[in-house]
Amino acid sequence: MTIHVKNNIHWVGQRDWEVQDFHGTEYKMTKGTSYNSYLIREEKTVLIDTVDHRFSQQFIQNLQMEIDLQSIDFIVINHAEEDHSGALSALMEKIPNTPIYCTEAAIDSIVGHHHHPEWNFKTVKTGDSIDIGNGKQLVFVEAPMLHWPDSMMTYLTGDAVLFSNDAFGQHYCDERLFNDEVDQAELMEQCLRYYSNILTPFSALVTAKIQEVLSFNLPVDMIATSHGIVWRENPTQIIEQYLAWANNYQEDRITIFYDSMSNNTRMMADAIAQGIHDVDPSVAVKVFNVSKQDKNEILANVFRSKGILVGSSTMNNVMMPKIAGMLEEITGLRFKAKKAAAFGSYGWNGGAVDRIHARLTDAGFETAISLKTKWRPDGKAMRECREHGQQIAKLWAVKDKSTLSTPVNAFQSATPIEGIEAQQPLTETTPTADAAHSADCQCMVCTVCNWVYDPAKGEPNQGIEVGTTWADVPDYFLCPECHLGKDVFVEYQG
């Protein structure tokens, strides 16, 4: 089955209505997903990406019904993850000498997944292009850490279609392919869920990459993603939304999540929520039990919130395991400009609350006062919990509501972003490293995201003191922006 996208572009992907888990079991899919592959037939025939490996044979059968596989002139792999390149091994068995265009980093990951170093790889970088005939070119734009080091986007001139890889996508399955055909509230929900759970750690890179693409002043008539719908009507609305999400996004919202052995901490959570509402009824307050509710929905609400409260019973003087796991995920997602507080019940001592407070502080949250209740909360303790909620509401009140993000419940037609207008040739550009560094500063720059390590500043968040030379930086060091190791750094040349 194929779906006509535009002119000589067809969707040849695979819908997956039944899938529930992604990245192991870390991401729960509530609406299925699609693995989007695109066939372009100009004077040259090009296949962009494949599908998940579980659908390899079905994908090839469908493709053979559409074209002679031998007519494929080359394959573009925007990303090597198995849900993008999974059918590549089966396809290459039938057309083994077909060139594969990808980034240099993708060769390593493709070979690592498929174990075929003899394949005909062609390395591309930002600004490289291929003439596919009829006056059209494919132009490549590297997008490292969105969300893998090997990621790139591909732009088709003439048709003005951006094959955006994982960016602007969503795990959302529908028989209809285009954004203007589906339920807009459902689409927004899945886009936000996808961004908040997968792309949040790379928000600074999202902004930089979007600004780089906008600087090319290319027309964008469609954005063809790797998962979910194709953005056909006002495609730049999702670009605008990504820029908003990447800019320390927060609504007038507070999220409370907890785990409880005997419902004591649940009682506290309910009373705290009531106290917040007493003081500021306009604040959206959501309460979640991490043992019973969707973890990814909780994380999406954390992303939307100006502050969170995390509660746990104390077990063996530590927090409940599911709360510990959630805090580990929150630390990895690197939320910015948010407040937090801990609460919980205990019998012998309240170690869980202290540990939660410490973890939230380490994760970069601005932490407020904690609250502990011994045994099952009685009337006095419940009043204290409600008063605590009232105090939190006052402490976290935003005087100027205009500084908060406006919740968007559905996509709507909007004015396209300025800057995506006339088509011009692409030239290679890279994000500019910190201009404050001199050429003789003995700095090191990350080749993936351009973050600069300066010995004069150190990296206090990883315990690296001011004055530490690169040779003395420990091997466990990770780039604060892209979280890759020392091996991706090179000497800064100014």
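Our numbering is plain: 1 for the first residue shown, then up by one each step along the chain.
Note: Cβ is positioned from N, Cα and C throughout, glycine not excepted.
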Of Asp131, Asp159, Asp166, which one shares the Fe cation 1 site with His79, Glu81, His147 in Swiss-Prot?
Asp166
Quick one: which of His115, His116, His227 does Swiss-Prot put in the Fe cation 2 site with Asp83, Asp166?
His227
For the recorded Fe cation 1 site, enumerate neighbouring residues of the same chain (Cβ within 8 Å of the Cβ centroid of His79, Glu81, His147, Asp166, site residues themselves excluded), in sequence order.
Asn78, His84, Leu146, Trp148, Ser151, Asn165, Ser226
For Cys446 (Fe cation 3 binding site) and His147 (Fe cation 1 binding site), determine the Cα separation and express it in whole Å.
16
Write out how many residues of the domain 'Rubredoxin-like' (441-492) are helix, how many strand and how many coil, based on DSSP.
9 helix, 10 strand, 33 coil
CA-CA, which of the binding-site residues His79, His147, Asp166, Cys482 lies nearest His227 (Fe cation 2 binding site)?
Asp166
Measure from the CA atom of His147 (Fe cation 1 binding site) to the CA atom of Cys479 (Fe cation 3 binding site) and give the result in Å, rounded to a whole number.
15
Separation of alpha carbons, Asp83 (Fe cation 2 binding site) and Asp166 (Fe cation 1 binding site) (Å)
11
